[in-house]
Ligand SMILES: O=P(O)(O)OP(=O)(O)OP(=O)(O)OC[C@H]1O[C@@H](n2cnc3c(O)ncnc32)[C@H](O)[C@@H]1O
Ligand SMILES: [Mg+2]
């Protein structure tokens, strides 16, 4: 990938999330691009994320940091949309259990909310199959609901003008308890049916190959390459 300008060797990503930074480092590192994040700029205050959508929040973060640094900036706004919770926690994923953001508390709240609804059954979602919502003694993990990880990535120039805005999605299911020690956030509760493992049981490469973030970033690369061609 050439990020807009082939001479670019470094990108700024408007995130404080260490898990996101590691994933972006792996994704951009493969292109020889160094990632800077807000962890390198500790004086930049928290940016209010008051948009209604992931896309709006990604743009808010990218523009706020571009204005401070006077440089092009990428931002990622992402989260989990759970079918049986009507798409919650959605844009509130980071503060689902309140502020400050606490992954363990968020995961606990997600399990509480789903258990409150009772067992997943074949009726509520219409798509439940024999291995959903019941362990059935088959060794299959218990899944409480279908869900999607969603990631919007915004790229703005130094003046805050939108260069690209893309979104990636990753479908899966919410487990009834955590599995695995990798990843971050909701990964231990997010089961990837086609791999038979939770997101937290995947290597970084496996996660980036299928994740909402990996997909969004590949769309961004494709858009920028297309823009350079015309
Ligand atoms: O705003 P920044 O500084 O980027 O960091 P953040 O952690 O607040 O990020 P968001 O506002 O985008 O909120 C995303 C929430 O969704 C969760 N999340 C996003 N991507 C995830 C992933 O790949 N795996 C697990 N959880 C994820 C994450 O843990 C947060 O709770
Ligand atoms: Mg945030």
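Using the three backbone atoms N, Cα and C, a Cβ is placed for every residue, glycine included.
Neighbours of residue 77 (active site, proton acceptor), defined as other CB atoms within 10 A of its CB across all chains, total 27. If you look up TrEMBL, you'll see 77 marked as active site, proton acceptor.
In the three-state DSSP reading, residue 17 (substrate binding site) counts as coil. Cβ contacts within 10 Å of residue 17 (substrate binding site), excluding its own Cβ and spanning all protein chains shown: 20. The annotation substrate binding site is assigned in TrEMBL to 15, 16, 17, 18, 19, 20, 78, 184, 185, 186, 187, 207, 212, 213.
The Mg(2+) binding site annotation in TrEMBL covers 77.
The region 'Disordered' annotation in TrEMBL covers 118-140.
By the criterion of other Cβ atoms within 10 Å of the residue's own Cβ, the least surrounded of the binding-site residues 15, 78 is 15.
Rounded to a whole value, the Cα-Cα separation of residue 185 (substrate binding site) and residue 77 (active site, proton acceptor) is 13 Å. Residue 78 (substrate binding site) falls within a strand when secondary structure is assigned with DSSP.
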